[in-house]
């Protein structure tokens, strides 16, 4: 039995906390929303899951007192929005002083401040307070995880012994975690699939036919693999992520479901135009933010990704969404 702190009280934090509570670990959830904290201490998180209770509610408590929450913990799950990292992590470090901590990150994508994947950015943010770091990635809508639906994900990191321990914390009959050392590959898929999901949303607004959807989803996966090869050809890994849950699984889920913010953003772009689509979104669209970063990054490497280029042209060069598929003629048969 481990003692685990969640930094964050949102939907995904609550869903994962429920999995760990089901496995009889002791959970402390730290947050700043008093209403959510009160609800969690009653056994549910009404904001996201109405009055459906957590698994084993006796194992979960919530607080806004960071110092007490960090006492005698074995693991820290970082589950706040990534734009809060530079505010929250210094507070954690201040409480920890010289203590080192084992971290599991569940944020996906690239840190907008450092322009680094979170595996590198978090090393910078935590500094000497970081003991071990792993990242959980894969197809996992929070509502389905909370409702104990079968979910399979990857836990990625550099240290096999640590990621194996983290994976074992979550393991039960409905939640499966598989380890991989392909840290950059997993994060690349996690970032780029959000950009492609925007394109797939545009496609769905153009046509509901399944042949083109399957074709473009396949192209998206191939392009991400091509970009991975171009960016990380010198990095050797034992367990490549390319055909696992963080790659195929998460890309499929994010690129085909209206539960995906990025996919629905693509629908809005076709129906409303890019400016109104941006105005209508109150939450961060990771794919749009990541696209800005990748637009700069990809200019520095030799890559072949006509589908991605078409999406970027719609987002940043005023290309009409109706012309999404004009890149098809550029695809080479080899």
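The first residue you see is number 1, and the count goes up from there.
A Cβ is built for glycine as well, from the same backbone N, Cα and C atoms used for every other residue.
Just so you know, TrEMBL annotations never went through curation; they're auto-generated.
Annotation source TrEMBL lists domain 'Glycerol-3-phosphate dehydrogenase NAD-dependent N-terminal' at 3-159.
What TrEMBL records for 108, 261, 262 is substrate binding site. Counting every protein chain shown, 24 other Cβ atoms lie within 10 Å of the Cβ of residue 108 (substrate binding site). In three-state terms derived from DSSP, residue 108 (substrate binding site) belongs to neither a helical nor a strand segment and is classed as coil.
Under a cutoff of 8 A between CB atoms, and with a sequence separation of 6+ in the same chain, the neighbours of residue 142 (NAD(+) binding site) are 11, 12, 14, 15, 48. Look at TrEMBL and you will find 142, 261 tagged as NAD(+) binding site.
Look at the domain 'Glycerol-3-phosphate dehydrogenase NAD-dependent C-terminal' (182-324): DSSP puts its residues at 105 helix, 0 strand, 38 coil. Annotated domain 'Glycerol-3-phosphate dehydrogenase NAD-dependent C-terminal' per TrEMBL: 182-324, in sequence order.
Sequence-distant neighbours of residue 193 (active site, proton acceptor): residues of the same chain at least 6 apart with a C-beta under 8 Å from its C-beta are 220, 224, 250, 251, 254, 255. Marked as active site, proton acceptor by TrEMBL: 193.
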Determine the mean pLDDT over the domain 'Glycerol-3-phosphate dehydrogenase NAD-dependent C-terminal' (182-324), rounding to the nearest whole number.
92
Any idea of the Cα spread of the substrate site, 108, 261, 262, as a max distance in Å?
14
Nonlocal residues around residue 261 (substrate binding site), in sequence order (Cβ under 8 Å, 6 or more apart):
281, 283, 285, 286
Tertiary neighbours of residue 262 (substrate binding site) (same chain, Cβ under 8 Å, six or more apart):
194, 195, 197, 198, 201, 254, 285, 286, 287, 288
Additional residues surrounding substrate, by Cβ distance to the 108, 261, 262 centre under 8 Å:
194, 197, 254, 260, 285, 286, 287
